[in-house]
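A quick write-up on the structure given underneath.
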Amino acid sequence: MMDLGKVGLIGGAGWLGGAIAARLIETGRLTPDRLICSYRRTRPDDDLGCAWTTDNVALAGAADTIMLCVRPDDWPTIRIEAADKLVISVMAGVPLKQIAARTKSRRVARALPNAAVGIGFGYTPYHLASEDASDAARIEAIFKCGGLVDRVLDEDHIDYFTAMSGSGAAFPALLTDALAAAAIKHGIPETIAHRAAQQVLIAAGRLQETSGDSVSQTVQSFIDYEGTTAAGILAMRRNGFDEIVDRGLWVAYRKALSMSSGR
């Protein structure tokens, strides 16, 4: 197992920073004495056993790897020197050139985990500015504690993943809510409609995970069966389902780009 040294999480009191910190400790990837977290105002009541500080400069000095787990709006207030450190940002929309300029580090990376990292079922794409294999391995070791990890070679893809996978449960929940709303419109009691739709969502993920098929193959298998589900799928597609999804992701992607003045 790779020795990560000391990891410092700036913004470790936030929901994402806290989830990453908890997974690092719970999975044994880090021992508490190798983790330093910073907070702004109120120290969290945690049982991780790690060090807490309000001094980001001290954190950066003590850590071998620094993770920026703050909101993009708070980024302008962060002042650290990290010339020889690996700096990993999980901020949406903030480009590597800004991170490198602010931290004085050439070893910079962007990653985009989603909320499911907190339960070990997350997805994290990352982009590393350099070709350093050791830094890539370090990044993957950190995020694999929370789920699947992929390296992407184009930084722009991180911004697109902000819209796609970074949304976590949002878009599946939107579809589930629409299924329930359609059932309610048909006269099915609200409680039962939501219960049924939610169970479909939960079961779909588990079935897909165990099937061995891609999602495209799953959809096609229903279409090939030519039953009621096929009729519904084809009707949705004729009425612009794919185009609506594409448009929604595009707007979210553009929002990610607009979150930083450096683009």
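Any Cβ shown, glycine's included, is placed from N, Cα and C.
With a cut-off of 8 Å between CB atoms and residues at least 6 apart in sequence, the same chain places Cys37, Ser38, Tyr39, Arg40, Thr42, Arg43, Pro44 near Ala13 (NADP(+) binding site), listed in sequence order. Annotation comment: TrEMBL describes Ile10, Gly11, Gly12, Ala13, Gly14, Trp15, Leu16 as NADP(+) binding site.
TrEMBL lists Asn56 with the feature NADPH binding site. DSSP assigns Asn56 (NADPH binding site) to a helical segment in the three-state reduction.
With DSSP states grouped into helix (H, G, I), strand (E, B) and coil, the domain 'Pyrroline-5-carboxylate reductase catalytic N-terminal' (6-93) comes out at 28 helix, 19 strand, 41 coil. What TrEMBL records for 6-93 is domain 'Pyrroline-5-carboxylate reductase catalytic N-terminal'.
The residues of the domain 'Pyrroline-5-carboxylate reductase dimerisation' (155-257), classed with DSSP into helix (H, G, I), strand (E, B) and coil, number 86 helix, 0 strand, 17 coil. According to TrEMBL, the domain 'Pyrroline-5-carboxylate reductase dimerisation' annotation covers 155-257.
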Cα within 10 Å of Asn56 (NADPH binding site) - qualifying binding-site residues among Ile10, Gly12, Gly14: Ile10
Ile10, Leu16 as binding-site residues, winner by CB count within 10 A: Ile10
Around the Cβ of Gly11 (NADP(+) binding site), the count of other Cβ atoms that are within 10 Å: 26
Local confidence of the domain 'Pyrroline-5-carboxylate reductase catalytic N-terminal' (6-93) - pLDDT mean: 92
Neighbours of Ile10, Gly11, Gly12, Ala13, Gly14, Trp15, Leu16 excl. site residues, C-beta within 8 Å of centre, NADP(+): Leu9, Gly17, Gly18, Ala21, Cys37, Tyr39, Cys69, Val70
